[in-house]
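J.: Structure below; questions to follow.
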Amino acid sequence: MSNNISVSGHMINNNDDDDDDDPLLDAEMYGDWSSQQTTCKSFYTLPRFRYVNVIKGLLFIDGFLTAILWLTGGDSQYFVDNILQFHMRQSVFDLVLINEVKMVLLSIVYYFMELMSFRQIDQPFDVQITKKKCLCHVTAICINLICFAYSVTKGGNILYAILNEANTYTPMHIEYNVLVITSIAFGLLQFLLSFYSFRAMRKLRAMRILHRFNDYGQEIDSDGHPLKKKANLKRVLLLASPEAGMLMIGFVALIISSIAQMLAPLFFGKVVDAALKSMDALNKTVLTLLGIYFGGSIASMVRCWIFNLAGQRLVARLRTDIFNNIICQEVAFYDKTRTGELTNRLSSDTQVLQNAVTVNISMLLRYMLQIIGSLAVMFVLNPALTGVLLGVVPLVSFGAVQYGHYLKKLRKAFQDNLAEAGTAAEESISSLRTVRSFACENKVQQDYAGHIQNSYNIGKKLSAVQGTLDGTVGFISYAAICLVLWYGGKLVNEKTVSPGLLTSFLLYTLQVAMAFAFLSSLYGDFMQAVGASSRVFELLDREPLISMETGVCPDKIDGG
C-alpha cells in the first residue's frame, strides 16, 4: 500500500509493503503528523535490491573470481615467480592488485554517492552536497575507465604477442589468460553501469521507505496503530541474552575443541611422512596426535554440557513468559483464540527455538571455525590446491541461502497447521458429550484428518527440499574432493608436494566439505526457527486491551 505523507514540508511516497530494507545512512527526520495531532519521530530506509547493492555485488564477484583464478594458476613456484619476476605480458599480478583495490575504492565511492544523493532530496539547494555528489559520480566513472583501459591494453599486448611473437613468447597459464578476459569483461560492464548512476540516484526519492514511531518508541502505521514486530533471526538469537555468561564459557570450550580438530589432519600427514623415516619419529608423532585428541575431547564435553544446559534454561524461561502473558490477556482474547493453538505454541514452537538459539549456535560457530581454520592451514600448505577448493564456495552458499528462505515459509505453514490440528483435537475431546449428542463423530474425524493431511502435505515438501539440498551439497562437496584429489595427485607425481602433505590436505578438504554441508542444514534450521517464532513473538508482544489493574470505566452509567 502506498501512502502520500507530508513530513517536514515534503511530500514523499511511502511503500509500506517492502520488508527488505536497509537502515538509512543519516537521513533522520522529525515531522508533525497532523492526522494524529502529535509529533512523531520518523526515518527512511531503502530496499535492499537497488543500484548500489547490485554494483557492489558485481565488484565482489569480480574480485572473488580474480583471486580464485590467480591462486589456481600453475604450481607454487609459478605462482611466486609471477609476483617476484613480474612481466607485463607474462604476469597478471598487476590485474589482481587493480581489481582488488578497485573493489574497495568503488564500494566506498558508491556508498558516499548514495549518501549524498539521499541527503540532497531534502536539501536540494545545498551546494556542498551537490558538489560532493558530482565528485562521486566523476570519481566512479574515472576509476572504471582507468581500470578498463588498463585491462584492454594488457589484453591487447598479450594477444599481439601470441599472434606475432609465437616463437619467442612464453604463454601464460590458462587460468591467467581467463583472468585477463574476465577483467576486460567486468571492466566494460562496470564502466557502462557507472553512467547509469545519475539516473539511479534520481530514483531514490521514489524508492525510500518511511518508518514512523510514536512517543513510546513503537513503529506505527498510517492510522497510528503500532505495527507488529517482525520475527527475524536476530530477535530469535537475542532470546539467549540472559544466558550470555554461560554461553561465553561454552564458546571458550568450543574454540579449544575446534583448534584440536584443525590440528589433527596436519599431524595425520606428519604420521605418513614419519612412517617413511623411522619408528621413533612415528611414535612421537602418534603420541602428540593422541594428546591433541584427548584435549579436544575434554573441551567438547564441556561445550556440549554448557550449551544444552543453556537451552534448558532458555526454554523454561520462555514458556513461563509466554504463559504469564497469555494469562494476563482480556477475556475476549480467549474467545477469538483457540486453546489448542495456545498450548501448541507453549510446547512445540518453544522447543524449536530452544535448539536453534543454543545448540545450533554452538554448531554454527564450530563449523565456521572449522572452515576458516582449515582454509588458513590449507593456504599455507599449498595455495593452488586451496584455490581449486574455494571455487565451489559461492555455489554452495547461494544454494543454502535460497533454500533457507523457502524453508522458513514452509516451516511456518507447517507449525500453523499443526496448531490447527491440535486445536481441533482439544475442542472435540473436551466437548465430547456435545459431539456424541449430535452424532458428529464423523465430522470431527474428517476435520482433524483434514488438518493432519494439510500438515502432512507441507511435511512432504519439507522432506523433498531437505533431501534435494543434502544431495546437491553432497555431490558438489564430493566433486570438489575429487578435483583436489586429482590435482594433488598430479603435484605428487611431479614431486612438487610430499605424500604426507597431500594426505593432510585431503583431510582438511573433507573437513571443509562436511562443514559446508552441515552449515547449509543449520541455516535451514535457523530459518525454521524464525518461521516457528512468529506466533511466539506475537504472544509475547501482545498487550491486553483491558488492563488487569485499572479495567475499563464506563463514561456514563444510566440507572434508568
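Using N, Cα and C of the backbone, Cβ positions are placed for all residues, glycine too.
Caution: TrEMBL annotation is automatic and unverified by curators.
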J.: From the ranges 173-198, 381-406, grab the one TrEMBL calls transmembrane segment.
T.: 173-198
J.: Is it true that the transmembrane segment (173-198) and the transmembrane segment (244-268) have 3 or more CB pairs under 8 Å, sequence gap of 6 or more?
T.: no
J.: Between the transmembrane segment (244-268) and the transmembrane segment (500-519), are there three or more C-beta pairs closer than 8 Å, counting only pairs 6 or more apart along the chain?
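T.: Yes, since the transmembrane segment (244-268) and the transmembrane segment (500-519) share at least 3 Cβ pairs closer than 8 Å, they count as touching.
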J.: For the transmembrane segment (500-519), what are the same-chain contacts with Cβ under 8 Å, counting residues 6+ beyond its ends?
T.: 261-262, 264-266, 268-273, 276, 363-364, 367-368, 370-371, 374-375, 377-378, 381-382, 385, 389, 393, 396, 400, 470, 473-474, 477-478, 480-481, 484-485, 488-489, 491-492
J.: Sort out the residues at least 6 away from either end of the transmembrane segment (92-113), same chain, that have Cβ-Cβ distances under 8 Å to it, and list them.
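T.: The answer is 52, 55-56, 59-60, 62-63, 66-67, 70, 73, 82-83, 86, 132-133, 136-137, 139-140, 143-144, 147, 150-151, 154, 172, 176, 179-180, 183, 186, 190, 197, 201.
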J.: By a Cβ-Cβ criterion of under 8 Å, what residues six or more beyond either terminus of the transmembrane segment (288-310) are in contact with it?
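T.: Non-local partners: 240, 243, 246-247, 249-250, 253-254, 256-257, 259-261, 263-264, 267-268, 271, 358-359, 361-362, 366.
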J.: Residues of the same chain, at least six outside the transmembrane segment (134-153), with any C-beta under 8 angstroms of its C-beta?
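T.: Tertiary neighbours of the transmembrane segment (134-153) are 94-95, 98-99, 102, 105-106, 109-110, 112-113, 116, 180, 183-184, 187-188, 190-191, 194-195, 197-198, 201.
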